[in-house]
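Below is one structure, written out as structure tokens; the observations come after it.
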Amino acid sequence: MNTVKTLQDLRAAVARARSEGKRIALTPTMGNLHSGHAALVTKAAQRADFVVATIFVNPLQFGPNEDLATYPRTLAADQEKLLQAGCNLLFTPSVEEMYPHGMADQTLVSVPHLSQGLCGASRPGHFEGVATVVSKLFNMVQPDLAIFGEKDFQQLAVIRAMVRDLNMPIQIIGEPTVRADDGLALSSRNGYLSDDQRAAAPALYQAILQTADVISAGEQDFDALLASKKQQLEAAGFRIDYLEIRDATSLRPATADNREVVILAAAFLGKTRLIDNLHLTRS
């Protein structure tokens, strides 16, 4: 696995692979990798001949009071994980390499509606930052396919819409969330949890599963169901950002008529914000 830091070196390496007729996959990350990221790279290696991973902690997608400065940087460990997972090329640009003209006047990519509400409501500007950096990486690498985790369900929906609306010839693949044995979705931010918070954290996914079971049993009063689950989570020590049942494609609030729905949650344990979701096909 080669590691490059400049756009020039990235494009040269990708051009060599493409000249050899290789199918190219991209897996963008912010580093501090766990086995969920490794699963994305492994899947990319199964679907393509040349896997490019990126590690870039993107300032544009962090709010003023978020964890940009403290987000863990673990490059050596990340390189080892990527190598074992089947990555061929790692791109680790600096902020100056990604935004050579500064960020104040950077052209931004905005995906309306899908970026609003849910995480977009509590993290204004976040998805604009995500869409902008992902579109830049897509232009830099020009992959045949790109793989993202379904844990960030709203992010995946935003990227799918961006690719569709901007006619990018890239196949977007969502991979199922990788979980710890107790059900907690793997996240780079789980390391912020204290021991007590880590023990409590699986209750978020348990509440989502219970919500899905009740919906599958025929419950149609979503508001009452969500209210009871919010109370349950608050009693377990969570501070709720949102708990919603949405149409799985449009992310608009689900009704009794929606067959494909997604249950989405974001909640704080202490200062750590956890997100999770579950896609459900109603009979």
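Every residue gets a Cβ built from N, Cα and C, even glycine.
What Swiss-Prot lists as ATP binding site is 30-37, 149-152, V178, 186-189, and the listing cites sequence analysis. Counted within 10 Å of its Cβ, the other Cβ atoms near L33 (ATP binding site) come to 25, all protein chains included.
Long-range Cβ contacts of H37 (active site, proton donor) within its own chain (separation 6+, distance under 8 Å): T27, T29, K81, A85, G149. Marked as active site, proton donor by Swiss-Prot on the basis of sequence analysis: H37.
For Q61 (beta-alanine binding site), applying a Cβ distance below 8 Å and a minimum sequence separation of six or more within one chain yields G125, H126, F127, E128, G129, V130, V133. For Q61, the entry in Swiss-Prot reads beta-alanine binding site.
Per Swiss-Prot, the feature (R)-pantoate binding site maps to Q61, Q155.
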Checklist line | Residue pair M30 (ATP binding site), Q155 ((R)-pantoate binding site) - Cα distance, angstrom, rounded | finding: 14
